[in-house]
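Here is the structure we will look at, set down as structure tokens.
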């Protein structure tokens, strides 16, 4: 009975997160809403899972049909991740499948928005930029920070176009963060319920393939070519490809910092501080490039003579 009460509580949490999606709490709830579905699907059989989930969807439908759409939308990746947990698949495979499912849904939503509903994201972003910047430019006066800042039509169009072209990169990173955060929180919770979930390798063991170096050079070439062409598709690839590669180098650098901390017995806080700095200070990703290109870890792990 205690276990049933726990799952009932997770159904309530799912409902509250679902209803908070159209509130100022959206930025928080959207990253947590997959979690209740994962807990319920992993800890229950299919029939019990439906018994817990269907009432939530019906309540959402009664309040507004959009909540039913949101509920189904976020249940799909929850079921995928929960199924991987039930099958005891490696944590990395689970993250890849979860991220891929979320990304596929986002892309489908983007396609439907632009084709069926004729939503022009470029125009929407341009209007938002103009609305945001107009008070700043008009009230700038002699302020050294805003003096000479003029958001004309051409600049607004350029910024909105670049923002739209970066949407794929933003969707990929968002999908990865949602899947990773769900795994990090769900694993200990399920562990307390007596359900074993495979863990990721320690951060110090994270190593990406050396071929990433060649992709880095390919990204540089793409940027050079895209800068001299009017091909919008090629420009979009270049704008999204390089940030993705740089993000991978950041992950590699973080793995190296944790490896070095383990090998050299640093204070446990140091690698975490360096990890945060890696995301805040872009050039620190160079450590990741060096770690990929050269046997850096082997060098620092050699015993001192």
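Note that Cβ sites are derived from N, Cα and C of the backbone, with glycine treated the same way.
Please treat TrEMBL annotations as automatic predictions, because they have not gone through curation.
Look at TrEMBL and you will find 12-41, 53-80, 92-112, 167-190, 211-227, 233-260, 272-294 tagged as transmembrane segment.
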When counting Cβ pairs under 8 Å to the transmembrane segment (92-112), the leader among 53-80, 167-190, 211-227, 272-294: 167-190
Same-chain residues near the transmembrane segment (211-227), Cβ under 8 Å, at least 6 residues beyond its ends: 234-235, 237-239, 241-242, 245, 248-249, 252, 289, 292-293
Beyond the flanks of the transmembrane segment (12-41) by 6 or more, those residues with Cβ under 8 Å of it: 49, 52-53, 56, 59-60, 63, 66-67, 70-71, 74-75, 77-79, 81-83, 85-86, 98, 102, 177-179, 181-182, 185-186, 189-190
Outside the transmembrane segment (272-294), six or more residues from its ends: residues with CB under 8 Å to it: 208, 210, 212-213, 216, 246, 248-258
